[in-house]
Amino acid sequence: MASTSRYSSYNCLTSWDSYDKIPRVRVEYYVNENTFKERLQLYFIKNQRSSLRIRIANLFLKLLSCLLYIIRVIIDQNPTYATCYGCTPGNKTEYLKLENLTEEQFQENPIINWDAIWWVNRPLVLWSVQVILAVISLTEALLLAYLGYKGNIWQQLLSFHFILELVDTIPFTLTILYPPLRNLFIPVFLNCWLAKHSLQNMFNDLHRAMQKSQSALSQQLTILSATLLCLVFTSVCGIQHFQRAGHRRLNLFQATYYVVVTFSTVGYGDFVPDIWPSQLFMVIMICVALIVLPTQFEQLAFTWMERQKLGGSYSSHRAHSEKHVVVCSTTLHADTIMDFLNEFYAHPLLQDYYVVLLSPMELDTTMRMILQVPIWAQRVIYIQGSCLKDGDLARARMNEAEACFVLAARNYADKTAADEHTILRSWAVKDFAPNVAQYVQIFRPENKLHVKFAEYVVCEDEFKYALLANNCTCPGASTLVTLLLHTSRGQEGQQSQEEWHRLYGRCSGNEIYHIVLGDSRFFGEYEGKSFTYASFHSHRKYGVALVGVRPAELPEFYEDTILLNPGPRHIMKKSDTCYYMSITKEENSSFTVANQQGTTTNASSEPVIVTAEDKSNASANKDATFPDSGATTTDSRQCLKDSSPGSVTLDLAVTGNHLDVPKAAENSNFLSPEIINQRRSSRRPSILPVPDMITGSSLNISQDTADEGDESEDELEDDVPWRSPSEKIASSFTDDSGDSTRPAWHGDCTRIVKGFPPVSPYIGVSPTLCYLLKEKKPLCCLQLAQVCEHCSYRNARDYQWQNKTIILAADYASNGIYNFIIPLRAHFRSKTSLHPIILLLERRPDIAFLDAISYFPLVYWMLGSIDCLDDLLRAGITLAENVVVVNKELSNSAEEDTLADCNTIVAVQTMFKFFPSIKSITELSQSSNMRFMQFRAHDKYALHLSKMEKREKERGSHLSYMFRLPFAAGSVFSASMLDTLLYQAFVKDYVITFVRLLLGVDQAPGSGFLTSMKITKDDMWIRTYGRLYQKLCSTTCEIPIGIYRTQDTSVSESSH
């Protein structure tokens, strides 16, 4: 079969010259839409905007036809003579006689005027307009039926709305062909149902055209209202028309009154249909109402329940006129949300903010009850949705939000999976609203890399392990940081009879605040003075503790950061930002000049932070916790020694809203009659004044040169990349030069240098200067109780360490443990003060983790569990200074969250029973479980504190657990307490940086560090906290920020 081609064929491969000879063909796409039917479908159905316009026009036509019917009813006042158009009315004498009868007489012999039912009086103009509307409606109905045809014509013709359209339009077209029918009654009022149908279709087109999802509940309410109106309107028009043929005729108002009274089942009986067509019509309408309305109410109820599950929505109008933040999380736990709300709304500036909770899970019963409390119902909005859906983010008005808090889910057994969910949420928010500040909370430090773009990130493992490490060197550090990060007015415990409760509760109100020095009354007068001078005198004068500064001008290679206690070499400038600890910020404080009381009070009128009392500890020592300007503990210890010790306690009396001058407490351990007489007969030693500027002879810092070998081995000036100015002031820890014998392990110190860790377990580790080994330790030597070719030791006792060990018990080797090691190997500690670290792990760590810790001195690991007594003994628990127990992530209670800590609590309690003198630091997931630590069933004092905790809860305190002895002593800690760090960052953008520097997670050139020192009986001549402040500032340039106090509960001192 031969065929001719319209175009010539060329071989394109023979020559490139033939390319130009190839004919070009124009291809037209979507030719199927060029047909007449397709174009009509595109205009009437597919095109969103044109379809919406047609629906609106159709709705307008139907409503106009109903309005014309009402006008016709008002005009037609005399139905007795109703007849066809152009016809002469018949004999109406019989009907005229009926008008003179009473209702009872008419009921005996009712006569129906059928002409009044079949015919109406329709003026020519009204008829013309109705005919035009009918023709348009009929044409549109037929056209839509044609376009919607899909093979079954009966499906289109037998639909309710199409039949109703024919009933209302075809009779009008017939009146054109046969004029006598112009006065024929046509139920045009039924167009209200077609108008309702158009309204429903218009909602759908409106959603498509405007690309906005209207509330389904509001749409259902609108449809239900339209259905009720259609029922009432149909009944009113029908009963009014049928009563035209009866004895008592009704106008539209009377018909409306009758229908409403009838549908409401009241039935007064003042209007009664008196002919059977009217009565039949009302029966039919009541049946229709009983069928239609329950269906509508069922849909409304279903939509309402679904709406309750989905929560509310935040309108765009409110988003423009109000301020709100969005909190995103997988599940909304009551404890987590209440912590957020209490902390967020604790700040006066945030009282007008709204909180939008966005979560894909339904609210539990507890959360529903919380959100119904008036204080939260007015400003907390719950929306069920996912951050990964733009529609849900639009419902939460994420674009207009002031901030977005992405909280990690604590109920996940796999924390890595929880972080992955958090990362995706953060990415989705960044993609949808790139200008909204994000506050992200994650668990694993290795996942910080993925949310580096977020403005504020809090990694729980980083802070948790760093805080636990500082708890080993600075007792009560976890309590100190927890109370600093919780907003409180210091009103807890003020109703207690015990003095330490009142003082401890009052001081718990201290927080970190900031102010520019030029705008401050606290620090403005110290411009041009040294930092140490400004800190001491502002504490003495105003009772606030200046602990850090952010210089406005730094050298070119310095990063813009906070400097904690930069020391006397830093001169305060007008543009410096000061960071201080106080009960409230300066802007909310009033100033009153106090009465001068001579020179008897060198103490501040207000101490700075937590004072804890441990009833279970039989020690009479006191520990001060403070950022250090560079002097080591030995320097502080030496400068506090004096030949004439006094014996005045450090207690302070609380009066009203102020802390008065310190007074001697009656129940002090050191206020025996002998010591009081000795104090009265002795003269109080003097304390050097704090110089306002540093000079060559201003500092009275001991410069011992003993053990110069340590200094030379440190190679500070040669190997250390940088040293803080304050560090150069202080001298390093030195051994007694007269002691010629050294422990066996001291030779290892020659291999220890200062530097930056060459290997980190994850990306994103902050560079920190710390002690390292010159050469990497073999991985086999890292295992404590494992014999290898380099080591034959089988337990901790064989190593014969000089210092006590620190045991960290965890279920596996998390990368966050790296942040536990860094503070304990910080550069400001001395070599001979390093405590061996033993990691007691239930699972074998991976090689990458072992490689990272192999560069640190005196760090070991072993397989074991705190549940096994033999493992604890091999780990050297009898040699331990502290035992840190990290909460197990794999809980044995999946049914109840509050039992998640049960395995950790029982294991620690067992260890406490066998080794009661060991200092343990335990991490729990539930703060409410802290009361079970060191549990004694018959401890009356613990029961007394339990009652006090309940009273504090009743007063509305969200820090009621602070009086529990394990928490006050710093022996228990919950990682959830660090959540407020993220919440406070919304108001205090510096708080994360401040805490990272304080805990040693980050380091800054010229910044101080956190350390502690013990105060013994020989130091009691200092008398008060204010004199201690002066003593430290004038000698070692250290700044105390708190007291960790223990109380002697033994009967005799010989038991110490």
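Each residue, glycine too, has its Cβ placed from N, Cα and C.
Whatever TrEMBL says is automated annotation, not expert-curated.
Not measured: the values here are computed from a predicted model.
Copied over from TrEMBL:
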- 695-704: compositional bias 'Polar residues' (COMPBIAS)
- 705-719: compositional bias 'Acidic residues' (COMPBIAS)
- 322-458: domain 'RCK N-terminal' (DOMAIN)
- 614-646: region 'Disordered' (REGION)
- 677-742: region 'Disordered' (REGION)
- 56-75: transmembrane segment (TRANSMEM)
- 124-146: transmembrane segment (TRANSMEM)
- 158-178: transmembrane segment (TRANSMEM)
- 221-239: transmembrane segment (TRANSMEM)
- 251-269: transmembrane segment (TRANSMEM)
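When pLDDT is averaged over the domain 'RCK N-terminal' (322-458), the result is 91. The DSSP breakdown of the domain 'RCK N-terminal' (322-458), given as helix, strand and coil counts, is 59 helix, 31 strand, 47 coil. With a cut-off of 8 Å between Cβ atoms, the residues of this chain six or more beyond the transmembrane segment (56-75) that come close are 120-123, 126, 129-130, 133-134, 136-137, 140, 168, 188-189, 191-192, 194-195, 198-199, 202, 233, 237, 240-241, 252. A Cβ distance under 8 Å defines the sequence-distant neighbours of the transmembrane segment (158-178), meaning residues of its chain 6+ beyond its ends; these are 65, 127, 130-131, 134-135, 137-138, 141, 145, 184, 186-188, 190-191, 193-194, 197.
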